[in-house]
Amino acid sequence: MDLVLFSIGVVGNVISVLTFASPITAFWRIIQSRSTGYFEPTPYVVTLLSSSFWVYYGVTKPDAFLVATVNGVGAVLEAIYVSLFLLYANPSQRMKTAVLVGGLDVGAFGAVFLVTWFGIHDESVRISVIGTIGGFLNILMYSSPLAAVKTVINTKSVEFMPFFLSLFLFLNGGVWTAYAILAQDVFLGIPNGIGFFLGLIQLAIYMIYMNSKASTNSNETVEENQQPLIQPSYDVDREIDSSDRV
């Protein structure tokens, strides 16, 4: 059983790293253009917070090393993405990024760490608190692409709900749900089980509308700031080019 659990955890690590790495192409274009365009920093700041909590969870709970390692990679990547906002965003976005990082990634995480580490001496209670917060943030990450569903239905176009993002979230949720069941870890199981279900819904919607003729006014009906927590790279050219109009 330990070998099976470890193997599933390794597969989950690979899929999770691919999911975290999905915006790399977009951020490479941002570096080249030296502008973040209309990209929002909030998804990356929140994902950095989520990854940080799961690293803390992984190093606190016995035998959760694989959870800590993959989220450690995710935290590093998200920290790089956030740093690029601080370098290349316009002044208002740069200030917004700094406030979010200070309030969430430093303030909120730091407060929870201090309270749970120094104020809670029962390890099981500490793990429960960290796992509950991390699970809530995971559900936000998995559900965020659903913001584009209304747009897909209205425009009959899947342009704004990228297939690979939904696929990776679906696979990620499925693998970590299987891992959680074998490890009997409810804090991993519930958010990833929900993520698996939400990913299935997103893939079903994609399959329904993938061959539909896009509405001629689809670009007019999409709000620029509807972005998932893990931002896909499909629209980076439009995002960056539009910054010239600001």
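Placement of Cβ uses the backbone N, Cα and C atoms for every residue, glycine included.
Whatever TrEMBL says is automated annotation, not expert-curated.
Lifted from TrEMBL, the feature list:
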- 6-30: transmembrane segment (TRANSMEM)
- 42-59: transmembrane segment (TRANSMEM)
- 65-87: transmembrane segment (TRANSMEM)
- 99-120: transmembrane segment (TRANSMEM)
- 126-148: transmembrane segment (TRANSMEM)
- 160-182: transmembrane segment (TRANSMEM)
- 188-209: transmembrane segment (TRANSMEM)
Winner by Cβ pairs under 8 Å against the transmembrane segment (99-120), considering only 42-59, 65-87, 126-148: 42-59
Any contact, the transmembrane segment (160-182) to the transmembrane segment (42-59), with at least 3 Cβ pairs under 8 A: no
Same-chain residues at least 6 beyond the ends of the transmembrane segment (126-148) whose Cβ lies under 8 Å from its Cβ atoms: 43, 46-47, 49-50, 53-54, 56-57, 60-61, 112, 116-117, 120, 160-161, 165-166, 169, 173, 185-188, 190-192, 194-195, 198-199, 201-202, 226-230
Long-range Cβ neighbours of the transmembrane segment (65-87) (under 8 Å; 6 or more residues past either end): 6, 9-10, 12-13, 16-17, 20-21, 23-24, 27, 30-31, 36, 39, 41, 44-45, 47-48, 51-52, 54-55, 57-59, 93-94, 97-98, 101, 105, 179, 188
